[in-house]
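Trainee: The structure's right below; bear with me while I get my questions together.
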């Protein structure tokens, strides 16, 4: 029958087999499904009602050995059912806060929104899915006989006490059972308060039950706390029990101790386990923190106020550091440093305290502080939801690390466990991150017991990194050997050499390509918003001021643009200049000929100015510093270039030649009874208008996008100085000075040196600090003696 069943399942379609495999995975990890649904429900609801279970997951369920107890799952089921009933009850419209739902639904600090009793569509959908997942897991535990495991463990471990208690009367058994045990987690972590029965107590009368109970309680408490040498706590617990028999206040105190003592014992057993399945998930925790760090950098606007449209590049280009971004980065980096310190010190107690602080602190900040800072609910903040989910993964890994215990030995970098190309390139990339290698080395030296100085420690780390890289290259040479006397394959030459050639060419020509493409391909048209003309005669009051905005700034239509290009046919300099501009880059500004301000000048200055104008032999200057007469000839710049900076200049290429020159303007003074003003008129205009006016063509340079403005702002020479020359320096170091490192690079077999470095790590972890000094001295002597290095690195024969 088993063979027939195997043949039947093997013969099923692949899709059906995939469904079977997915279902088996779901059954095998049903508790993880429950955790995921609970966290998802809280991310969407983000209320105090749904906050309880995620905290219990990270501080109770995931810390339970070997698995969460029946009490936790019953707590989760009952709590979910009660939450559904409460939410349903508060959906009725007669509650005051349900009358203005549209007005209050997006307010993060509205009390019903915080509690989770607001009226909304689909208020209970995720709670029902959560309840379904919990019942599914309950059914899986029942099928495997794990649902009643706690009760079986209790009855078997305390069989004698149970048999003695059966001899008590019903009333006394009930009173004893009420104080018998408080099971907070699995049987390994539970506290059971038993009452050892004495033969003489069985024959006593009911009138002496109080004294008998007091006597039995003293023995029971001493037995319970035999692993906790806190005599004061024991005596206080006994005092509260005796007080509870006589007063209501004493009973409350005793009930409080009934809750406190099991919780304390739960964490005590967690920190001092009977056995420890040592594991190391620090790398996964570090990766989770790194992902959260990246989310903060690229989505920092989600953690601040009025910054939804901002991006980090534009903010940094303006030399501004957003406060929310700074706080989040510092907190995230600080937690990573503390986590590294706890990992190196291997202190489970510190990790437990850190876990409790982080769980409560992050949940309080994310669901009570952040909504007030951003003025939007957590459920409407997608970036914050993603950050919280990754942090929940970190909490799960931390709980697993606490439950299993830290490894007894931490040897080397996690990337140096195998010798292949993947580990080689990842390790070298790790070392290229600025200050990461240095920070890691210093932190390891601070939080690791050693007799080496900091410089000696860094020396060992550098030697180990160098030997590991050589080991990877030697292993690759063994996997892909090169026969003697044969030339290199074209795949290797064109693959490696061609890639390096392309890379070097890109680095050399990067500034030119970047500055050319950033404006021509990704450039944005920067049209002028205001064009102003001010003319001043000599040093007197300006005679003409006029501005053009909105409707007075017009773009050329296709016909006008083509006619404009034809007018410069044969002018090579002008055509070359116009190649860099499209039709949308040109703006025609029509300015009124009448000045928009009255000419206010004192009579003495006015008379002096008239005398100067009447003298044809004298020169009059403008602010732009050229010579003028009454009629201003070739002074008006018809074409203006508006570059990306603030300085606008005349376009000399378009103002040269017989028919392309600076325009003439006429200036006249108009008077009425008590006022006077100046009128200017351009003589040669493309748009012939009868009224006095000025015409101006503005060529606007394209500007780089805001996200790349900080890089384009350096210019071509700035990019060459800051990028090409710096990279060139590192490339030159790679290609020069090789002869000085031959004795340390060309090592045929590095296994012995690698083992010596590993031995230094091992004796350091075992506390043999004198032996660590000896091995370090041996390593230094080896690098000082070329002859010994040759002997140590020979191929094994």
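Heads up, the Cβ atoms here are built off N, Cα and C, so glycines get one too.
Unlike curated entries, TrEMBL annotations are predicted automatically.
Pulled the feature table from TrEMBL, pasting it below:
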- 28-148: domain 'Piezo transmembrane helical unit' (DOMAIN)
- 33-60: transmembrane segment (TRANSMEM)
- 72-90: transmembrane segment (TRANSMEM)
- 149-174: region 'Disordered' (REGION)
- 279-516: domain 'Piezo THU9 and anchor' (DOMAIN)
- 281-304: transmembrane segment (TRANSMEM)
- 324-343: transmembrane segment (TRANSMEM)
- 352-374: transmembrane segment (TRANSMEM)
- 386-406: transmembrane segment (TRANSMEM)
- 418-434: transmembrane segment (TRANSMEM)
- 454-473: transmembrane segment (TRANSMEM)
- 494-518: transmembrane segment (TRANSMEM)
- 631-795: domain 'Piezo non-specific cation channel cap' (DOMAIN)
- 708-731: transmembrane segment (TRANSMEM)
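For the listed features, I'd like the structural context: burial, neighbours, distances.
Mentor: Residues of the domain 'Piezo transmembrane helical unit' (28-148) grouped by DSSP class, helix first, strand second and coil last, total 82 helix, 0 strand, 39 coil.
Beyond the transmembrane segment (324-343), the same-chain residues lying 6 or more positions past its ends with a Cβ under 8 Å from any Cβ of the stretch are 282, 285-286, 289, 292-293, 296-297, 300, 303-305, 307, 312, 315, 350-351, 354, 358, 373, 406, 410, 440, 443, 446-447.
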Trainee: Restricting to the same chain and to residues at least six past its boundaries, which positions have a Cβ under 8 Å from a Cβ of the transmembrane segment (418-434)?
Mentor: 465, 468-469, 471-473, 475-476
Trainee: Sequence-remote contacts (6 or more beyond its ends) of the transmembrane segment (33-60), Cβ cut-off under 8 Å?
Mentor: 26, 68, 72, 75-76, 79-80, 83, 86-87, 113-117, 126-127, 129-130, 133-134, 136-137, 184-185, 266, 355-356, 359-360, 363, 367, 371, 377-379, 385, 388-389, 392, 395-396, 399
Trainee: In the predicted model, what is the mean pLDDT computed over the domain 'Piezo non-specific cation channel cap' (631-795)?
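Mentor: 74, rounded to a whole number.
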